[in-house]
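Here's what Swiss-Prot has on this protein:
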type    : residues         : note
BINDING : 65, 66, 131, 160 : [4Fe-4S] cluster binding site
């Protein structure tokens, strides 16, 4: 399986502050050396990742109208607590997940980047809505054309605005990614600077492409609920 290796770049003075490269499974080489110890490490990674993915604490942060849909997921109708993400934190130092919901203006970009840097590892980012993904309909000087220009993004949620169910699906996709990640199990001091291995996830558009092409008879508007 292919992974994306992310390492901090101490020489970078502007974003991106990390270096990325596509590598093979980091445990495969160790399996050939010592099956027992590598298997034990694999079990520890799975247990730790299970705890991480089921206790993702979002940072209470919104920049535009998509935040209304984000707040709707916290109601009893959608019950975000099913995924362990109902603990909304007011401080980035206590949060694991930043959901950028809405337009990222140029004046807001330094604030978003500073808040992201204040979050402790491990941390993840969900870009919610067309404006956060690519600037949306605001192709103007005052809007950043995608929040991934200033911080790394793990999951993109399309829509203007996306429905709460779309954000819940994004959270489920993020949980799948977290389960397959490979991070240091403790603090790492040295040249590696805590490398992070993230799996290369297939976009939902590509995953469902064959299924959608196979559809010949579309449902009428009366049948869609």
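Backbone N, Cα and C atoms are what each Cβ position is placed from, and that goes for glycine too.
Here the binding-site residues are 65, 131, and the one whose Cβ sees the fewest other Cβ atoms within 10 Å is 65.
Between the binding-site residues 66, 160, 66 has the most other Cβ atoms inside 10 Å of its own Cβ, all protein chains included. Surrounding the centroid of the Cβ atoms of 65, 66, 131, 160, where the record places [4Fe-4S] cluster, the chain contributes additional residues within 8 Å, namely 64, 101, 102, 103, 128, 129, 130, 132, 136, 159, 161, 162.
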